[in-house]
Protein chains: 2
Amino acid sequence: MSKDTSINIGLCGFGTVGQGVWKHLEQNRAELAARLGAPLRIAAIAVRDPQRKRAVKLPPKLLREDPLEIATAPDIPIVCELMGGTDLAHRVTLAALRAGKIVVSANKALICEHGAEIFATARKHGGHFFFEASVAGGIPIIKALREGLVANRFPQIYGILNGTCNYILTQMEERDAPYAEILSEAKAMGYAEADESLDVGGWDAAHKAAVLAWLAHGLWVPPSRMIVEGIERVTPADFKNAATLGYSIKLLAIITRDFASNEVSVKVHPALLPDHDVIASVNGVYNAISVTGDVVGTTLYIGKGAGQDATASAVISDIADAVALLRSGKCVHLNSEVAPLPAEQASAGKSGEGSVAASAVTLAPLERIHGRYYLRLTVRDEPGVLAHIASIMAQHAVSIASVLQTPSEDPEMASLVLTTHDANERAMRDTLHELSRLKVVNGAPLLLRICEFNT
Amino acid sequence: MSKDTSINIGLCGFGTVGQGVWKHLEQNRAELAARLGAPLRIAAIAVRDPQRKRAVKLPPKLLREDPLEIATAPDIPIVCELMGGTDLAHRVTLAALRAGKIVVSANKALICEHGAEIFATARKHGGHFFFEASVAGGIPIIKALREGLVANRFPQIYGILNGTCNYILTQMEERDAPYAEILSEAKAMGYAEADESLDVGGWDAAHKAAVLAWLAHGLWVPPSRMIVEGIERVTPADFKNAATLGYSIKLLAIITRDFASNEVSVKVHPALLPDHDVIASVNGVYNAISVTGDVVGTTLYIGKGAGQDATASAVISDIADAVALLRSGKCVHLNSEVAPLPAEQASAGKSGEGSVAASAVTLAPLERIHGRYYLRLTVRDEPGVLAHIASIMAQHAVSIASVLQTPSEDPEMASLVLTTHDANERAMRDTLHELSRLKVVNGAPLLLRICEFNT
């Protein structure tokens, strides 16, 4: 490809992110051409309804109704899949990769569901799949993990990966307001989707955690194999209790690898984070990721996790990498080759020794996932209740660290907040199951995890 | 180059960083080979004294006395310049680049002094110069600026770039201890060099700021054209005064670009940073960099800024990029081509429109660098002094925001702390010059800058 030829880009999808990419490619056109050594041209845009009025005025000749047309067009080497969903997006992605193209995607659900197939297809046909925008918006965390920190193995990665949840939790904490009230405000302001369940249930963060876990450890962990708990049951009282104990509450994704047992665990749940942890002070729609590498120590990344502009910044950085790749002819680019192999590929022995280590990685069983816990129960306010609960916990070898009893709205009830010493997930599940069946316990107990990271 | 061939690396210098690179390349040998698709081999190491006993036992056949031998050896495509200094390091770097090699460097002083020549030599001979380790140790900030955030222009970059100063300031603040005491402790613990002046005078941070300013704005700003002030005159009393006003004190590097006037300013100085700024809580030997992009908004990066392991992590990430470049044959790699051109190159018009913007960038004059100031003076404790000082400030259009008077050790003296509203550097310099000549003012006034960033 000659140095003076424009490079054609196809956009599949022209919603919030697509329009952001268009806008910023237009605005910084000259600067980007200088930085990349070649001008970029958006050659085609697939939209669901070409007749629809849009804030951005598009030349009609650019519009296509079928994104597959862009995926297979011989003159478009870079295809941005910005439609979302896992059906048509899946077909478009595979078609473009089979044509040896470079696909740029912000679609973490697609990667999570079809990642292994997507990467295998790319390898087979010489295509490439870039996905910086899929995790933590404008923070270049994918590039940091696979390139900037390539010298490292990663015992611990944790952080805030969902801005909607962080916004809701921050508002609840600052305004002492209940979840439902803040949620409906967030919907009205466009910070939460009409169907909020993917965000508040922790599933969006789980998709992103799956991508990070794969990058760091070469293992595809579907959300069904993770511990995933949402923020729906956190109350203003929990924030007060947490504050009394010196903690804030954040929805965290936590990816841990024990290099002795070679076990990985991936969890997404609301967590009590001590006030001195920098991530405890990351508020609103911001994301934050703490990465501990065995060489570099801990590095921390903070930025806006979503939104048109932050996501467009990430998509454009992938386009820039794609341009470098195209201009190089046959560049073996870090983005496509350097990452650890997925575990299921590793046994094929593609790259010798390294893959042996990757194939040996397994998911940690619940018995070996452990930590401290915060447990809130509504109980009958009568003698012997605490003794009863404590004896059940002791039977499961769960040791109590602190007890906080506060009045309940119902004068016959009390709110009991217990924190534990180190215990494992299996023991806590069993404990919780037994406690929730007690007649003196009203409703389901709330379990939160206390996370004190050594960083 | 065949996929199964080891890639030879030469280390010039085997001090702290060189030994770290050796150690981690050895420890993660198999994993790195798998990630990079090729095993790495350290083929030669230049040391000043081959007879010297070392903690690491090196095969004698690897040792060279002359680093230029490694720079020109035809079988070593990647040369790591880890000697430091700007004389021999300069010759080694140029020799390797003239041979079309890839040079990996942690040497910010070298880049700062000879950057334009180094990059021109690389371009001319097809060599490449990578320098991730030169700024902020293990934080992949170079890669973030030129690749991850390539879609952005950068109105503001600021942060803590010198871990030694941050350690000293943190200890002074936490222990209410004087500068000299903490400095000698830091020297004893190896956190400060025997000659501390490069660090505490702000020059090390200025070198790093020059590298970042060049990356972000394509302009080489030598430290002599920056505002550079050190931490030597900060006292425990200043921390107390700052705390009273709601601030912490950090040595910051600040790179600002006004896109309307196209002016850049680069400053390194102790700054009063409000407690709510996340960087105010970054303590000890950590570095932190806040990058505001016009597309992505503000992203923040925190990690260890120096030390054997963090620096080795960065050097190895550059080696990984170098390997990808070598394996690609003729890859036009982002690290070498995407960066904005230095201003003096831009007028040659290498890449059209983009370079026009770069060539128009100039350094902001002192009149257009502005902010709020903190001024501490020791004055005679007598009537009319404050009125006199205030009238001098008013003559220079510097408006006082707050006044804090505290007793001095000398009963005839008082310590006067003033903060100003927005004023410019020229006016403050003139004010300071005049105030320091007053008979009622004892010793040189201390000027600190108050930095409240909109992030």
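Backbone N, Cα and C define each Cβ position, glycine as well.
Copied from TrEMBL, the annotated features are:
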type: ACT_SITE; residues: B:Lys208; note: active site, proton donor
type: BINDING; residues: B:Lys108; note: NADPH binding site
type: BINDING; residues: B:Glu193; note: L-homoserine binding site
type: DOMAIN; residues: B:374-449; note: domain 'ACT'
- Message: Tell me the Cα distance separating the residue listed as 'L-homoserine binding site' from B:Lys108 (NADPH binding site), rounded to the nearest angstrom.
- Response: 16
- DSSP output for B:Glu193 (L-homoserine binding site) maps to coil
- Which residue counts does DSSP give the domain 'ACT' (B:374-449) for helix, strand and coil? 23 helix, 34 strand, 19 coil
- Do me a favour and check the Cα-Cα span between B:Glu193 (L-homoserine binding site) and the residue listed as 'active site, proton donor'; whole Å is fine. 18
- CB contacts for B:Lys108 (NADPH binding site) [other CB atoms within 10 A, all chains]: 24
- Task: Let me know the most crowded of the recorded positions, choosing from B:Glu193, B:Lys208 and counting other Cβ atoms within 10 Å.
- Result: B:Lys208
- Check the domain 'ACT' (B:374-449) for me and report the mean pLDDT. 95
